[in-house]
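**Q** First, the structure itself, so that you have it in front of you.
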Amino acid sequence: MTRCYGELGCLNITKEWYHLIFRPFNVFPLPRSVINTRFILYTEKNPTDGQLLQAETKETIMKSNFRSDWDTKFIIHGFIDTPLSNWVSEMRDELITRGGLNVIVVDWAGGSLPLYTQATANTRLVGLEIAYLIKKLTEYKGLRADDVHLIGHSLGAHTAGYAAERTPGLGRITGLDPAEPYFQGMDPIVRLDPSDASLVDVIHTDGRSVFRLEIPGYGMSHACGHLDFYPNNGKEQPGCALSQEGAATIPLTLIKDGIEEASRVLLACNHIRAIKLFIDSINGKCPYVAHRCPSYQHFLSGNCFKCTSGNCALMGYHASLPITTTRQNISENDIAVGSSIPVAPQPGKYFLATGRDFPFCQRHYRFTIELAKPKTAEPWVQGHLTAGIFSERGAIRSLDLTPKGTARFEHGTVYQVVVTNPHDLGDRIRKVELAWTHDMNVLEPTTLCLFWCNNHLYVKSIQVETMQMPSREKRNTEYSNKLCAPKRDFADIANRGTYSFYDNCKR
C-alpha cells in the first residue's frame, strides 16, 4: 500500500511494518492539515519569541534569523505532548545559552494524541515534513545536512529517524528514551537505527517491558544507536519509584510546575528522565562519563573503569564530541580543552549511575577492599558496610558500599564496588573510615552468627579510585591511593564498629 503527499514524497506499508506481537496493526498518517506540523525557530536574537518557518513559503525562511554558519538543533516532542511542555522550553533555553545555534521546535501536537496506533503512523508524515524543511533550508540558506542535529523524545526519536531517511548525510540524532510499543523488535526501517545519521546516540531510562502488570515501561531496552547509554541500567531511575521518597516530590512539582508536569512525574518519571539528563548535560559542569561494559552489574562491580581502547564516552549533549574536546565546561572538569579522547568511543552499550535529582551527574568511585584472613576469622560474613572519605579537597561523610542492602564478604578475597556522589574529591584520598554492621537473616540459616561465631570483619587495605575521565592530564606527582591500617597488618572491625585507614601503606 502506498500513499503520496505531494512534494513531501510517498509512504509505503510493506511486510516489514507488520509483526504479530510487536506491531499487529498499521494505518496511514492523518491528513497534513490535521497534524498541522509547525516549525518555530529560536536564536540568540529571538530567544523566547519564536519565528514560524514554512517550507512552502520562502519568505518566512529568508526573513528569519536562521544562520547557515551555525549548527541547527531540532527538538521533537513525543506522544501526548506539545511544544508548550516545560521541558521543551527548558531545553531550548539551555541550547540558546550555549550560543551559536539555530534551535527549531517541531510542533506536531495535532498528531500526537491518542490513539497510540494512529500517533505512531503520524510520526512518519512528520518525518517527511522535517526532511522537507531541511531541504528548503539547504536550498534557500545554504544549510549543510551534517550540521543538523535532531533531538527526539519517545515517538519523537523515531520521527527523527524517518526524517533522516530522506536527508542524506544527516549529522546526528539523539534519541531520548525512544518509544518501545510498535518499535522494539521491528525491522530497522520501522525504528531509529544507526544508519539514520553519522552519529546516533541514545539515552535509555525506561526500558522495563511494556507488558508488565505493574506500571509498564514506555522506552526501548534494545540498543538502536551507535552509542547506547543506560544510566542506572536504563530501567528504573533513582527517585522515581512511588514507594521511595520520589513520591514526596509530586506535591512540590504540582505547586512549582503545574498539574501537567506533576502528572508526568507520577506516570512517566522514568521515561522523562532521559530528557532531564540531556538538558543537564548541555551546560552542566559535571561530565556524564559512561563506560562500555557487558552489563550494569559488571559496571557496579568495578570491572569497566578505565578510558582505554574506546571504552568510555560522554553521554548527553557532548556525545557530539567523540574525538576532540573543545568545550569550556569540560575543561573545568579535568578534561583539557583541545585534548583528544585516547580512542574514539566504540559502538556499544555504555553504563553509568546518576542521582535522583538535580544535579543528576555524579562522580564515580571504585572501592577495592582487600580482606584479610587470620585464623580467628570466619570464612565469610554478611553485613552492611559504609565509608567516609577524606581528601585534600574535602570529605564525604557516608557512602553506602553495599547498595543491595547487605553483601557477603569472603575473608582472604577482594571485594570491589562502584559508588557515586556529586562531590569531586580528586585523586588524592588521605583517609577512609569504614563502618561495619553484621547482618543475620533468620530465613537464611547460613547467615546466622550466634555466641560461638566471630562476626568481625578483617580488612587488610582499601584502594579508592575516581573513575577515569577522557584525557585526564598526567599528575604532577606520583602517589599511591592505597590506604592501610596504621601500624598493623590488618584491621579487626567489630560488629557496629568503625576503623580508619590512612595513605601510609608501606611500598
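Along the chain as shown, the residues are counted starting at 1.
Backbone N, Cα and C define each Cβ position, glycine as well.
TrEMBL lists these features:
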type	residues	note
DOMAIN	4-320	domain 'Lipase'
ACT_SITE	SER154	active site, nucleophile
ACT_SITE	ASP177	active site, charge relay system
BINDING	ARG191, ASP193, ASP196	Ca(2+) binding site
ACT_SITE	HIS271	active site, charge relay system
**Q** Enter the number of other CB atoms within 10 angstroms of the CB of SER154 (active site, nucleophile).
**A** 31
**Q** With H, G and I counted as helix, E and B as strand and the rest as coil, say where DSSP puts ASP193 (Ca(2+) binding site).
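**A** Note: ASP193 (Ca(2+) binding site) is coil by DSSP, not helix or strand.
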**Q** At the level of the C-alpha atoms, what whole-angstrom distance separates ASP177 (active site, charge relay system) and SER154 (active site, nucleophile)?
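**A** Just about 6 Å between their Cα atoms.
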**Q** Provide the number of Cβ atoms within 10 Å of the Cβ of ASP177 (active site, charge relay system), excluding the reference atom itself.
**A** 31
**Q** If you measure from the C-alpha of SER154 (active site, nucleophile), which of the binding-site residues ARG191, ASP193, ASP196 fall inside 10 Å?
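**A** None, since no candidate lies within 10 Å.
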**Q** From the Cα of HIS271 (active site, charge relay system) across to the Cα of ASP196 (Ca(2+) binding site), what is the distance in angstrom?
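**A** Pair distance, Cα basis, whole Å: 23 Å.
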**Q** Around the Ca(2+) site (ARG191, ASP193, ASP196), what further same-chain residues have their C-beta within 8 angstroms of the site's C-beta centre?
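**A** Result: HIS158, GLY161, ALA164, PRO188, ILE189, VAL190, LEU192, PRO194, SER195, VAL200, CYS224.
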**Q** Give me the Cα-Cα distance between ASP193 (Ca(2+) binding site) and HIS271 (active site, charge relay system), rounded to a whole Å.
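**A** It is 19 Å, counting Cα to Cα.
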**Q** Give me the non-local Cβ neighbours of HIS271 (active site, charge relay system): same chain, 6+ apart in sequence, Cβ-Cβ under 8 Å, ordered along the sequence.
**A** SER154, ASP177, THR205, ASP206, GLY217, TYR218, GLY219
**Q** I'd like the Cβ neighbour count for ARG191 (Ca(2+) binding site), meaning other Cβ atoms within 10 Å of its Cβ, all protein chains included.
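**A** Other Cβ atoms found within 10 Å: 24.
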**Q** Would you count the other C-beta atoms found within 10 angstroms of the C-beta of ASP196 (Ca(2+) binding site) for me?
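**A** Taking every protein chain into account, the count is 25.
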**Q** Test of understanding: give the count of other CB atoms lying within 10 angstroms of the CB of ASP193 (Ca(2+) binding site).
**A** 22
